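*Asks:* Please read through the structure below; I'll follow up with questions.
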Amino acid sequence: MAGSRIKLELSRVVQGESRLGVLKGLGRTGQHCLEVPGCLLYSHLGTVPHLTQDTLHTLKNIPAVTQVTLSSVAEHQEVLQEFKGGFKKFAGLHDTVVYCSLHDPAALCPPGYTTNKTVSVWGSGGRIELTVAKFMAIQKTIQPDWYQSMADGETWQSNTSRKRLRKSVDRTLAHLDECLTIHQNSQDLQGVEVFGVVEGGDILEERARSARETAKRPVAGFCLDGFQTGSMDQTLRTQLIKAIAKELPEDKPRLLQGVGRPDEVLACVEAGVDLFEGFFPFQVTERGCALSFSFDISLDPERAVLELNDDETCRAGEGQPNGEVTDGDQTQMTSFEINLKDKRYHDDFRPLVEGCGCYCCVNHQRAYLHHLLVTNELLAGVLLMIHNTAHYIGFFSTLREALANDKLDLLKRR
């Protein structure tokens, strides 16, 4: 395989691990770039849930990379083969880079269906078993700009044995070698980049081995798998990511899978992660919730602390309806959002977030969103997705600003 066009140009490394820079050379022609730390644009079959392309493009600073999942595209392989123009053209995605991941980060993937030669993905029609040959045939049909190599990722459960973790690393490396061999001999995949997958569960030695061996292969970047929210303690996750980062080259990006909560994003950026999947706003929207956490670092420190105390006092009564808030399960409401289905919002005429410039906050109130949700109006999902996506993109923009201006500690306090 020819040398990767994707290049990570770092402008700053804070405290030896947090990385600030630009990922350049994205796409077949290399004209796109993505600032890091950053997130991808989450999609269902190329479309951001609840939003049309026109609605999506009313937002500012949309990520240049759209994530599609093989689990959803695989069942449409025959149609795409007949179309012959690749998924990007099929879905009307013109000015974006398409990244194809194995699984949907917002959907549960039942364990127990992996063998030495196959992995399984789950589409709307059920389980699809993939050999490397079938996996690569689908990639040739999709023709993404970059894709995640096939991997044995069933190691995120805490009771997984050391022997099983070792096997997952061996299988994943074998899958990667097979994928690269087919890739190098394919005309359809010329100019397409491959990301290798780092496995190893919660065993430090296996994580380091997986990273070290994957880095020896001609890959454009790395997917760090098995760190999903709820599957691992944050302290252990940070320790393992730091160990992985020491084995990986500095000029290639690191994409963390399955982590989207803002506090976890900050901790993982401090450990050396560059990219995150952008599924968190969608999960919040599906719960009928709105992201409502503060990340303004432009205030002077004293005022910031005062406002933070006010926020916490307010949120103590606002963010925990019916005991639903939890920080260990990504299917449950978190402390970074408000539940607009709650009765307290039926006469709350404030915007979702004071000062937010998104279409929803400029034009509507919490009471209106509450009404839309309790009457099951489709517009509720549209307005919430606009706000949640804008809020999340704004958080990453501020995160980069904080790294550039030595304000990461202030952002963490906010």
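Easy rule for this one: first residue shown is 1, then count along the chain.
Note: Cβ is positioned from N, Cα and C throughout, glycine not excepted.
Pasting the relevant annotations from TrEMBL:
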BINDING   Cys356, Cys358, Cys361, His387  Zn(2+) binding site
DOMAIN    19-412  domain 'tRNA-guanine(15) transglycosylase-like'
*Asks:* Output, ordered by sequence, the same-chain residues six or more apart from Cys361 (Zn(2+) binding site) with a CB under 8 Å from its CB, or 'none'.
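*Replies:* When sequence neighbours closer than 6 are ignored, Cys361 (Zn(2+) binding site) has Pro351, Leu352, Val353, His387 within Cβ distance under 8 Å.
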*Asks:* Inside 8 A of the center formed by the CB atoms of Cys356, Cys358, Cys361, His387, which other residues of the chain have their CB, for the recorded Zn(2+) site?
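*Replies:* Here the non-site neighbours turn out to be Pro351, Leu352, Val353, Gly357, Tyr359, Cys360, Val362, Ile386, Ala390, His391.
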*Asks:* Just counting, how many other CB atoms are there within 10 A of the CB of His387 (Zn(2+) binding site)?
*Replies:* 27
*Asks:* Using CB atoms and a 10 A radius, I'd like the single residue among the binding-site residues Cys356, Cys358 with the highest neighbour count.
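*Replies:* Answer returned by the neighbour count: Cys358.
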*Asks:* Averaged across the domain 'tRNA-guanine(15) transglycosylase-like' (19-412), what pLDDT does the model get? Just tell me the whole number, please.
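*Replies:* Summarising the domain 'tRNA-guanine(15) transglycosylase-like' (19-412) by its mean pLDDT gives 90.
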